[in-house]
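Engineer: I have a structure here, written as structure tokens, and I will follow up with some questions on it.
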Amino acid sequence: MKQPSLRSLVFLSAGLLSLGAAQAMAASAPATPSSAAMPPGVEQFVFGTLPDGRTVHGYRISSGGHVDMSVIEYGGIITSLKAPDRHGEKADIVLGFNSLEGYLSPAYKKLNPYFGALIGRYGNRIADGRFTLDGKTYQLATNDGPNHLHGGDEGFNQKLWQATPFSSSEGSGVVMRYTSADGEEGYPGELSVEVKYTLTHDDTLAIDYSARTTKATPVNLTQHSYFNLNGEGSGSILDHVMTIDAASYTPVNKTLIPTGEIETVAGTPFDFTQPTPIGARIEADNEQLTRGKGYDHNFVLAREPRPTPEHAARVTSPQSGRVLDVWTTEPGLQFYSGNFLDGSVTGKSGHAYGHRSGLALETQHFPDSPNQSGFPSTILQPGETLESHTVYRFSTED
Ligand code: BGC
């Protein structure tokens, strides 16, 4: 499997746009149908029961390609994604758990890594959990030192989403819906969110986000899967070779809030414009790496969102031959090298998830945008529809 050609990319983008039609059809379908009514390529199962008695369903999705995945209604979490290595041997390449208990356990909540989850309302940090919009100041939870992180005390990662499985000419998947009440976690406006996961026939996971609001509000939606292309639980990702299509990044202060500068990566350990092992410079004497405890930074892909997804990053594993390519319409990419993983939680295959045993590539707007006038705006106005598209493609190389 090679990197997709330009032709297949154009096809992919066109396919993504036509997903809107399937989405409209899915909208009229009943929520959480019984297993008997499942569309081709989707199997429903019970993943667990929340403490308040609500059942959490999961969906196993396969599209006739080489990849299959599972996603659950709690947090919209991708709990499993199996992809073949260069010899055709499949492994689960995302960190996570086999049961709901894993995601609810005190050890997991203490570490709070957001494995595989949908993140909102605001992915990444807002300084001091505060922003001013149309002359009014809003105070959000400060759940990460002095700052607000990933939507607050109970972000979208902990909500029970309503799932509608579907299949279309592109593949099979699930539309996840959640309505966030006006004032939830301190944010203004009722926000209606849809996230569509499509696993296509050619081993692509397309994630299409849309949102509407009743009042002006900041929104920054992302997906928080941790990948290990050698298989989850197999150790560190430092041998993975990374390419990021970004000539600049946003340096941070001591609490990981962008300073507001947009700095060139040239001549720094943040230069991934050429394929470079993640471990090559992660311990370099560099103040930004010290602050992030490794890579935990927003890379600038563009100064504004793009109309169709453009290539953002490529990760390869020399050991397994697995390759992950990322395309997005988003202007930013948070590359997080799993620096806070510390072995305190044990994943689905029984291995503790140690330091840097998974990496996240979070397509997004820049952190703290509501307080940074030089960054692309994250304010959604009533009457507008936020649309954002990200594509993860899995392949192999020799
Ligand atoms: C952040 C990290 C954080 C991790 C888990 C990432 O998106 O950039 O700083 O530790 O999420 O919360």
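Cβ atoms here come from the backbone N, Cα and C positions, even for glycine.
Features from TrEMBL:
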- His224: active site, proton donor (ACT_SITE)
- Glu362: active site, proton acceptor (ACT_SITE)
- Asn124, Arg125, His224, Ser225, Tyr226, Asp296: beta-D-galactose binding site (BINDING)
- 1-26: signal peptide (SIGNAL)
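Help me understand the surroundings of these features in the structure.
Structural biologist: Using a 10 Å Cβ-Cβ cutoff, His224 (active site, proton donor) registers 24 neighbours.
Less than 8 angstroms from the CB of Glu362 (active site, proton acceptor) sit Ile119, Gly123, Asn124, Thr222, Gln223, His224, Leu333, Gln334, Tyr336, each of them six or more residues away in the same chain.
Sequence-distant neighbours of Asp296 (beta-D-galactose binding site) (same chain, 6+ residues apart, CB-CB distance under 8 A): Val252, Leu256, Gln334, Phe335, Tyr336, Ser337, Asn339.
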Engineer: Arg125, Ser225, Tyr226, Asp296: which of these binding-site residues put a Cβ within less than 6 Å of any ligand 1 atom?
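Structural biologist: Checking each Cβ against ligand 1, the ones under 6 Å are Asp296.
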Engineer: According to DSSP, folded down to helix, strand and coil, what is Ser225 (beta-D-galactose binding site)?
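Structural biologist: The three-state answer is coil.
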